[in-house]
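Visitor: From TrEMBL, here are the annotated features:
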| type | residues | note |
| --- | --- | --- |
| DOMAIN | 119-144 | domain 'Siroheme synthase central' |
| DOMAIN | 149-185 | domain 'Sirohaem synthase dimerisation' |
| DOMAIN | 208-417 | domain 'Tetrapyrrole methylase' |
| ACT_SITE | D238 | active site, proton acceptor |
| ACT_SITE | K260 | active site, proton donor |
Amino acid sequence: MGALNTFPLSLKVRGRSILIIGGGDEALNKARLAAKTSAEVVVVSPEPEADFSGLGVHVAARMVGACDFFNAAMVFVADHGVEGERAKKLARRAGVPLNVVDVPDQCDFYTPSIVERAPLTIAISSEGEAPVLARLVRARIEAMLSPGLGKIASLAGSLRKSVESLIQDGASRRRFYEALVTTPEIDRTGAEALLAAHADGGKGAGIVWLIGAGPGAEDLLTLRAQRLLQEADVIVHDQLVPTAVVEMGRRDAERISVGKAKGHHSFSQAQINTLLVRLGAEGKRVARLKSGDPMVFGRAGEEIAALRKAGIGYAIVPGVSAALAAAADTATPVTLRKVSSGVVFATAHGAEDGDLAHWAALAGAGITLALYMGKSIAGDVASRLVAHGIAGTMPVGIVVNAGRADRSLYAGTLDALARDAIAFSDGPAVILIGPAVAAGDWEQAVALAPQNMQVA
Ligand code: SAH
């Protein structure tokens, strides 16, 4: 490993000044950066051109002088003319660290890319070698950290004394702080309740997050889902959730598959409810991962009822539901002006004749039907819909494995589906029915997930 040529540190600037020499856009950028601190920011330029108003910085429209460096913690030179040259000499004489904007050779220090959740600061530096890489890493870290993290860091600081008096054992204290910093949007009252629960003799409060994993591709997870997966002690997942998503959890998190594949129930819903309540009561942070969106055909209603009854905290994190993945995968606008004024998510599995009559009327009025859990009975459902009066020419589209690398598409009419003229490939499927389906690009739409290589 190569040696570092710079040393990262956090320099105290409170009560001091940050000096910026120059009055153009480069100076303005540095002024914005410096204005994030509590230092006094002084911009010196004989003729400032940029608009520094609103930043709360002091603009001195004059030449730079030795006294400007008196209390300066650092100086940015963003003037490549005579004033800049003078400022560099003065800075060196006063021993103030110098950054000459865009001239790395003349810099005493570089400014890293910063992820800021004050007082928490994360600095990423490539020693000026690869700023693009540093920015990319910064974007990834940004995405990982909740916007409210800074507030939580301050909360942790303000509770330090109480924690010391209430929790004696080091490991228990660590568990409290872990629970505190990983509870999104916690406020002071919540933090105090958490502390009471962790106080000697107490047990940390558990929580169950019902998280939508989307249809398959990992990058369709929300940022929040990704973050909570990292925080969970236990991940309880359905069979439809792809391994790659389950793998995104913390390496040492316990993983429990409750594998509810059709026709093979390894856990009953009642057993899953009991499991979630037990884990929550043990103080565990549980990620209950479901395919698509948890609130759509996900039995979330029963799990939430069980958690509420047991007084276990819970929260919902939405995901991309299969019907919407199918719409994206085929560029089908499921609502379309003057064609389709709405969309219905329905389950074909176990549908009564009355339901079908109802849907037939809706589809006849242009509403798009998105049928879940219907592949094995698709032909039957199609013929019953025709019997209830939908035209046999009504456009139908089926997406198997929507949002996954192995997706397959079928477009046709209700008649063709009723005749069982379509041979499906394996996997979960959404059936879209309605006039808006004809507006989709079933031939050439860009796939939602990168497709597998075709071997000729
Ligand atoms: N909560 C899930 C639905 C779970 S019910 C969601 O919001 O998507 C299971 C049904 O969802 C399957 O029978 C199938 O109809 C549909 N489904 C789930 N994943 C799918 C996928 N990747 N492609 C197509 N349909 C899918």
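Even glycines carry a Cβ here, placed using N, Cα and C.
Not measured: the values here are computed from a predicted model.
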Visitor: So for D238 (active site, proton acceptor), how many other CB atoms are inside 10 Å of its CB?
Guide: 22
Visitor: Using DSSP and three states only, what is D238 (active site, proton acceptor)?
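Guide: SS state of D238 (active site, proton acceptor) = coil.
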Visitor: Using DSSP, how many residues in the domain 'Sirohaem synthase dimerisation' (149-185) fall into helix, strand and coil?
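Guide: Per DSSP, the residues of the domain 'Sirohaem synthase dimerisation' (149-185) fall into 30 helix, 0 strand, 7 coil.
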Visitor: With DSSP helix as H/G/I and strand as E/B, how many residues of the domain 'Siroheme synthase central' (119-144) fall in helix, strand and coil?
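Guide: Within the domain 'Siroheme synthase central' (119-144) the tally stands at 14 helix, 5 strand, 7 coil.
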